[in-house]
Structures are given as structure tokens and as C-alpha cells.
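Here TrEMBL flags 39-223 as domain 'BPL/LPL catalytic'. As annotated by TrEMBL, substrate binding site applies to Arg84, Gly85, Gly86, Asp87, Ile88, Thr89, Tyr90, His91, Ala156, Ile157, Gly158, Gly169, Phe170, Ala171. According to TrEMBL, the feature site 'Lowers pKa of active site Cys' maps to Lys153. According to TrEMBL, the feature active site, acyl-thioester intermediate maps to Cys187.
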Amino acid sequence: MKKKILFFEDLGMKGYKETWEYQKILFNNLIQKKAKNRSFQKGHLLFVEHPHVYTIGKNGKNKHLLVSSDFLKKIDAGFYQTDRGGDITYHGPGQLVAYPILNMDYFFTDIHKYLRLLEEVIIHFLLRNYGIKGEREKGQTGVWLIKNGIYRKICAIGIRMSRWVTMHGFALNVNTDLRYFDHIIPCGIFNKEVTSLKKEHISFSEVKHLVKKSFQEIFNVKFI
């Protein structure tokens, strides 16, 4: 099967608002190109690492932020209401955030399949490279590690899709400072913990390379 073409950009460390605005430009441009050619091929995959920030989805609940705006200023963390799905999450140093901006008419028009494939990218990455078994949890979106029967989320997913064009994406905890999750109810899910790959002593650059490779295989794409 012929590989689909995507533009890849590693933005490095970049603020959430600036990156969101850039996403919207790419998203709107892709919608415009798609209006002229429904099967327009070339989408985007952005990798980025954000400074400390909390974001909440369009259907999220502000009560899941457990601290005041003054406290956020004190810890130098931003807060944004976004247009993605899902509830509240944290982004920060040591976390790989990926934003696929894709024309799904060029792939498949099934939002649930898309979410499952994003999960599969991380599951594939973890098992193939480190022998770590990533899991799904029924009724939830994301990837979890299970230890002693306890589910701990390692990758959160929240997307927006309009006219079968995607934006936003997933966030993988690599060597993230997990204490920042103490200030929220992550993804609005009570009594669930988060985890990271910190104990694996993996370099961030290695993770980026290998996640990109897994994305390439799962979505059958070629990056330019």
C-alpha cells in the first residue's frame, strides 16, 4: 500500500498559545485545500514540549482544576480553555506532545478508529522498544500502565475534528514532573493515577525518534 505523505516538524520547547495558533493556521489551510481537492494528501505532524500549562477541553469542568489562578501564577503555569475534546490535563517539560493535523478523507472517516490508532502508536512504541505493555481501559481514551491492578495513565489524548480534518493530539509522559498533576483531576477521572517513563532512564530525543517511527508504521505514512 502506498504510503501517505505528511510534513513533520519538531518545534522543540514552545508555549502552548503560540503552538495552538500555529495548529489553527495549518488546520484551516488544510480545510481550504481540501475544499478544492477532497483527497488532498499532505497533512502535518507536530512534536512539541510545552512549558508548564494546564488545558481543558470544551466539555471539561473547571472544578477539576484544584488550585486558584494565583497559585498558577506562583508556580508559573498557564491555563487555557481549548476547543479539543476531553477534560483537563497538564503539559510541561519532559512530556512529548504530538499534534497530527490530518485530512481523514485521505485515511478513513471514523473518529473512533482514529482515537484507537493514536493509542496504538503509543502501545506499539512501548512494547516494541522497551517491552512495556501499554493498555486501554474500557470507556476511556488514552494509554495506561497497570501495576498491582492499578491503572496509571501514561498518555492522554484529546482531539478536535471538523470536516474530517484533525488537530490537537496526544501527550506522553517521558520524564515529566508528575507532581504538577496533583493540582488537577487528570482528564476528569477520579481515583486514577498518572505515570511516566522516568524509571526507564530514556533520553527525550530517543523517545521522539521512536514515537515518530511508530506513528509512521501505524498510520502508514512517509515524512518529508
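Yeah, the Cβs are placed from backbone N, Cα and C, and that goes for glycine too.
Locations of recorded TrEMBL features on the structure.
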| residue | record | DSSP class |
| --- | --- | --- |
| Arg84 | substrate binding site | coil |
| Tyr90 | substrate binding site | strand |
| Lys153 | site 'Lowers pKa of active site Cys' | strand |
| Gly158 | substrate binding site | strand |
| Phe170 | substrate binding site | strand |
| Cys187 | active site, acyl-thioester intermediate | helix |
(Q) Most Cβ neighbours within 10 Å: which of the recorded positions Arg84, Lys153 is it? (A) Lys153
Q: Give the distance between the Cα atoms of Phe170 (substrate binding site) and Lys153 (site 'Lowers pKa of active site Cys'), rounded to the nearest whole Å.
A: 12
Q) Tell me, how many other CB atoms lie within 10 A of the CB of Ala156 (substrate binding site), whichever protein chain they belong to? A) 24
Q. Which of Ile88, Cys187 has the fewest nearby Cβ atoms, counting only those within 10 Å, among these recorded positions?
A. Cys187
Q.
I need the CA-to-CA distance for Lys153 (site 'Lowers pKa of active site Cys') versus Ile88 (substrate binding site), whole Å please.
A. 14
Q | Whole-number Å value of the largest CA-CA distance among Arg84, Gly85, Gly86, Asp87, Ile88, Thr89, Tyr90, His91, Ala156, Ile157, Gly158, Gly169, Phe170, Ala171, listed as substrate-binding | A | 16
Q | Rounded Cα-Cα span from Cys187 (active site, acyl-thioester intermediate) to Arg84 (substrate binding site), Å | A | 12
